Amino acid sequence: MSLITRLLTGNNTLRLRALESLGKAGYSSHAKFSEHKPIERIRNIGISAHIDSGKTTLTERILFYTGRIAEMHEVRGKDNVGATMDSMELERQRGITIQSAATYTLWKDTNINIIDTPGHVDFTVEVERALRVLDGAVLVLCAVGGVQSQTLTVNRQMKRYNVPCLAFINKLDRLGSNPYRVLSQMRSKMNHNAAFIQLPIGVESNCKGIVDLVREKAIYFEGEHGMDIRLDEIPQDMRVESLERRQELIEHLSNADETLGELFLEEKPFTEDDIKAALRRTCINRTFTPVLVGTALKNKGVQPLLDAVLDYLPNPGEVENLGFIEKEGQDPEKVVLNPARDGKDPFVGLAFKLEAGRFGQLTYLRCYQGVLRKGDNIFNARTNKKVRIARLVRLHSNQMEDVNEVYAGDIFALFGVDCASGDTFTTNPKNNLSMESIFVPEPVVSMAIKPNNTKDRDNFSKAIARFTKEDPTFHFFFDNDVKETLVSGMGELHLEIYAQRMEREYGCPVTLGKPKVAFRETLVGPCEFDYLHKKQSGGSGQYARIIGVMEPLPPNQNTLLEFVDETVGTNVPKQFVPGVEKGYREMAEKGMLSGHKLSGIRFRLQDGGHHIVDSSELAFMLAAHGAIKEVFQNGSWQILEPIMLVEVTAPEEFQGAVMGHLSKRHGIITGTEGTEGWFTVYAEVPLNDMFGYAGELRSSTQGKGEFTMEYSRYSPCLPDVQDQIVRQYQESQGLAQPDKKKKKN
């Protein structure tokens, strides 16, 4: 048992000052934390949730109780130190988490690797990366806010990567906290088979402790910082409720677990171990979600949560991780990676995050198989580049601790490795093994950006190069038509944060233009083409003919571009087909209606013709350019715009005003719900109509309303919106005639 948490039962009172004993126990040295444990004694967990649910505060308490840090600081504390995991100055100033921070610690002789992730929708890719490499997660929910929009996003991401999770209902001390409502929302909104394994003894200011339904004991957190745990009998006034909730827990478990279900049907008695074993099995299979309660800020419920992480979340050996061996002309062969920490199999690791540190590029990796030692050579499966390992580090927020070797299941970092996030590394370059990479959403907002001083251009270029490499949702390009540098990302906040980081970290103040929506252009119906590109200018000329059809993809694929080669025979030689595809993808960068990218289109190359001397890849590329210009003229086109899922919460008296404003912004209301004087409305609103909404909501709800939005899909614009976008584009290109002239004609 950890020295910091003591169990106090009866008169056997262990009274040791925790911080005095830390030094004697060797907690100050990193060696205790970085010891290599057997696989059963390792957990890789993430802490993720909606914005402001208390993830970072919870991580701070976990680090304190496990002896990793000697004192606690609050996220927005009066001492201005900030939480350990919010290491970026901007994070401490704003009180939000922007980047995932990694750390590892020790609890009851088990090594726990923790990744603290952002809750803000603009930083979704950070959560994606973290969940991809974790074996389990703690889903933190606010006892007041309950299941919110980003909670649903995180839930979808966990489902995508099959991550088992525990739920922790935090902030029991807040006014209006209602953990029972949160549980019913988990069942209705997230479709979780969930039940309490703990109950709160009082909420709001009466929050005294928790009831453990598995052990049937009350737990109180006493002493300084709630370090002393006292077990007692369940309070008299809670015994009936505890029995009912325990029965409910057993029923939910029996539905999901065969072994317990048989005992339940045969009406045999359960032991504590039976319930714990069933909880572990169902949690790992994602058929049941145990719900714990507490308040991290008031130091209640954190130690039992750590026990639950050990008891119910899987170790790396209990999770199946697959690699894929690419074979030409065949489907990739699936290989189950060996999680044993014996080093018998070759090393396989996945790079899941890049960061430019003070000492060069830092690459975060998870080791899935084998062992990696200092001095080893590894190969990037995508580029086949060899890298020699000069330095291996484990991370504790922004501090590094050197290690000599890492085993399967460990999370670690390397310096000076040239790669992209999602790359697979192996020690054997011949096996062509790669792991499924990380899902990256498309950016939806663009802004013009320029440095305030021309002398800062070098630093500006360095910052852009670093940020685009670190964050795959942050894009950068130069628009030749308007001679502007544009950056695109997941939202206004996302781009504002990068602008502020340029000033803080590179001394390069920048000006951001107005947000621009990333519209797309697509075809309404199929359009055939037959284009001949012929050029003779002395010597060998250029000759290429292509015949085919361009057609729209189904609405659920309208962000994709497809190219299909349907040619038969040698009219279009196979070596020239890539030229046609290249020409098509080049032309897709800029549409005719509004200058935005094309998407949701399939290009079917069906036939063509070539000349034995004059045909070349370049000629076929130019033929594709000509064919698409032909389709621009002959086809029927429309503009697509990003639609956002918007969730607004405000007091009930403002419901009419909020609904009216959303309708005015072309929003479609998809649902509403109300609880205790507050209402929540869900709507789908075009992103183009959402700019300036934050100010409008504040003024119409006396500052009490709040909203979140996240990208949902692309959908066709309204006709008048499309006409306006086309007209603005034509005017900017000098193509439009003034209205007055039209009237004269």
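For all residues, glycine too, the Cβ spot is worked out from N, Cα and C.
As the structure is a computational prediction, the values presented were derived from the model and not from experiment.
For 40-317, the entry in Swiss-Prot reads domain 'tr-type G'. Summarising the annotation, Swiss-Prot assigns GTP binding site to 49-56, 116-120, 170-173 and lists sequence analysis as the type of evidence.
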For the domain 'tr-type G' (40-317), the mean pLDDT of the predicted model: 78
Spatial neighbours, same chain, of Leu172 (GTP binding site) - Cβ under 8 Å, 6+ residues apart: Ala143, Pro179, Pro200, Val203, Glu204, Cys207, Val293, Gly294, Thr295, Lys300, Gly301
DSSP three-state assignment (helix, strand or coil) for Leu172 (GTP binding site): coil
Neighbouring C-beta atoms (10 Å sphere around the C-beta of Ala49 (GTP binding site)): 27
Three-class DSSP secondary structure - Ala49 (GTP binding site): strand
